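Reviewing the structure listed below.
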Amino acid sequence: MLDFKGKNAVITGGSRGIGRAIALGLAKQGANILISYASHDSEADEVLETASKYGVKAHKVKVDQSDPYESIRFAEKAIETFGKVHILVDNAGICPFEDFFRISVDLFEKVWKVNVESHYFITQRIAKNMIENKINGRILLISSISAHVGGEFQTHYTTTKSALNGFMHSIAIVLGKYGILVNSLEPGTILTDINKEDLSNQEKRAYMERRTVVGRLGLPEDMVAPALFLLSDDNTYVTGTELLADGGMLINLQ
């Protein structure tokens, strides 16, 4: 069993979906957690309440990650709260489905700032804290299968997920000399709020289920085990890697 006792973990977008599942998975194994969230106070409170049952410290910070300066202040708040940060999960992301020809500059920039720019500067600040405290930290960026495949109504989103992987590759090189391992997790089609409306079309949902080789779409909880391994001290040599967790969707071309 992976042990995170005494570790301090920061998870962006930790009030719902994959971020929530990973945050609670870390708390269950002994990590103190601090989550960012955008709007849903009651959901963030529920995460903290559940985490506290595991005997760990749990904190929340409300953040607008479309504002890079607010994202930087969030990172500084996390450092102020914990002193030392051992784990960072860059999870927060948005995907407002839209036709390519209708995507405005404002919409593109908002998706870019939340999905890429905020994580760039949060990671920069947290990684510096790890180095200053001589922590062999772990950083995980939540990318997507969409970094490898196109989406008719996701041209802005797929762009950001490819960029996130490029960022991950580069900082894995930068931070390796300090004992900090950096990877990305690429979920397939997961049943979360981000695609709830899209998958309300039963025909579309059935098609997506058939595309997997396991015969079902993923749940946020399916992402916990691979994430926790990459974030654990048991991971001693995996860095700069994109781990695809998609139920076999990408390989299934039939």
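Cβ coordinates come from backbone N, Cα and C, glycine included.
Positions annotated as NADP(+) binding site by Swiss-Prot, on the basis of similarity to another entry: Gly13, Ser15, Arg16, Ile18, Asp64, Asn91, Tyr157, Lys161, Ile190. Here Swiss-Prot flags Arg16 as site 'Important for NADP specificity', drawing on an author's statement. Annotation source Swiss-Prot lists beta-L-rhamnose binding site at Ser144, Ser146, Gln154, Tyr157, Thr189, Asn195. According to Swiss-Prot, the active site, proton donor annotation covers Ser144. The active site, proton acceptor annotation in Swiss-Prot covers Tyr157. For Lys161, the entry in Swiss-Prot reads active site, lowers pKa of active site Tyr, with the evidence type similarity to another entry.
Local packing around the Cβ, expressed as the count of other Cβ atoms within 10 angstroms, is greatest for Ser144 among the binding-site residues Ser144, Ser146, Gln154, Thr189, Asn195. Of the chain residues outside the beta-L-rhamnose site list Ser144, Ser146, Gln154, Tyr157, Thr189, Asn195, Cys95, Ile145, Gly151, Thr158, Lys161, Ile194 have their Cβ within 8 Å of the site's Cβ mean position. Long-range neighbours of Ile190 (NADP(+) binding site) (same chain, six or more residues apart, CB within less than 8 Å of its CB): Gly17, Ile18, Leu217, Gly218, Leu219, Pro220, Asp222, Met223. Here the C-alpha separation of Tyr157 (NADP(+) binding site) and Ser146 (beta-L-rhamnose binding site) works out to 8 Å. Note on the recorded positions Gly13, Asp64, Tyr157, Lys161: the fewest other CB atoms within 10 A surround the CB of Asp64. Rounded to the nearest whole angstrom, the C-alpha distance between Arg16 (NADP(+) binding site) and Ser144 (beta-L-rhamnose binding site) is 17. Using a 10 Å Cα-Cα cut-off around Ser146 (beta-L-rhamnose binding site), the recorded positions Gly13, Asp64, Lys161 reduce to Lys161. Of all the recorded positions in the record (Gly13, Asp64, Lys161), the one with the smallest CA separation from Gln154 (beta-L-rhamnose binding site) is Lys161. Across the structure, Ser144 (beta-L-rhamnose binding site) and Lys161 (active site, lowers pKa of active site Tyr) are spaced 6 Å apart at their Cα atoms.
Largest Cα-Cα distance over the residues recorded as binding NADP(+), namely Gly13, Ser15, Arg16, Ile18, Asp64, Asn91, Tyr157, Lys161, Ile190, equals 24 Å. Each residue contributes its Cα atom, and for Asp64 (NADP(+) binding site) and Lys161 (active site, lowers pKa of active site Tyr) these two points are 19 Å apart. Taken residue by residue with DSSP, Ile190 (NADP(+) binding site) is part of a strand.
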